[in-house]
Amino acid sequence: MGRTKHEWDIMTVLIELRKDVILFSSENVNRYSRVLWDSFFQFCGCCILGFGIYFLIHNNFRLLLSLTLGNVLVIVGSIIMVVAFLGCMGSIKENKCLLMSFFILLLIILLAEVTLAILLFVYEQKLNDYVSESLTDSIKQYHLDNSTRATWDSIQSVLQCCGVNGTSDWNGHPPKSCPSDPQVQGCYAKVKLWFHSNFLHIGIITICVCVIQVLGMSFALTLNCQIDKTSQTLGL
């Protein structure tokens, strides 16, 4: 026995209602996932910013180059917090403008990271020369600047190295923080060796960071599309 028109109308309404419920549920799942991801992103930014401020306050952590680790961490942490805030507010408010701003900023950061990696690869030797010269110049400030002295003493004690390229950098008068072994390695060579030996781990961490950024961009685009679909469904 066939169904009446009234029964078909009821079934159609129920099917459409079920579709709306599924759409609403998927939107909520995506929105809350987006908020959780942004919250984690912002937490990481806060931690980096906190470490940066800590390093700025404690001079013992000052680098021997023109920039300090604290300055770099403060800048990076601030950028991460701003980007995460835009993404979080865009998800909560379902604001397309904030979501697209978040997407564009993440894209710019990702492109900047790729560009930086290429430049480091192309100009690796020039970078090595610059760092080596800067470290050598800082040795001249060892007896004149307390911060430089504390940094060199910490580096040489922890890494068990001496000078930039060896004890000869100290003109025959190495500080007490240098190991007594006359054949001890220079600190720069030891740091480069550490990076080379941990290259795989550094690469994995870098790839994970890039994947997280791509996921964030995907979440932003997905939620942006869902906002459009919801607006069309509601006739807005």
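Just so it is clear, glycine is given a Cβ too, placed from its N, Cα and C backbone atoms.
TrEMBL labels come from automatic prediction, so no person has curated them.
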Can you sort out which of CYS162, CYS187 is the disulfide partner TrEMBL gives for CYS178? CYS162
Could you pull the disulfide partner of CYS187 out of CYS161, CYS210, CYS225, going by TrEMBL? CYS161
Spatial neighbours of CYS162 (disulfide bond) that are distant in sequence (at least 6 apart) but have CB under 8 A: GLN156, ASP169, TRP170, PRO174, CYS178, PRO179, VAL184, GLN185, GLY186, CYS187
Please indicate, using numbers and ranges, the residues of the same chain that are 6 or more beyond the transmembrane segment (35-57) and have a C-beta under 8 Å from a C-beta there. 68-81, 83-85, 87-88, 91-92, 212, 215-216, 219
Residues with Cβ closer than 8 Å to the Cβ of CYS161 (disulfide bond), same chain and 6+ apart in sequence? ILE155, CYS178, PRO179, VAL184, GLN185, GLY186, CYS187, ALA189, LYS190
CYS178 (disulfide bond) has its Cβ surrounded, within 10 angstroms, by a count of other Cβ atoms equal to 23
Quick one: what's DSSP say for CYS178 (disulfide bond), helix, strand or coil? coil
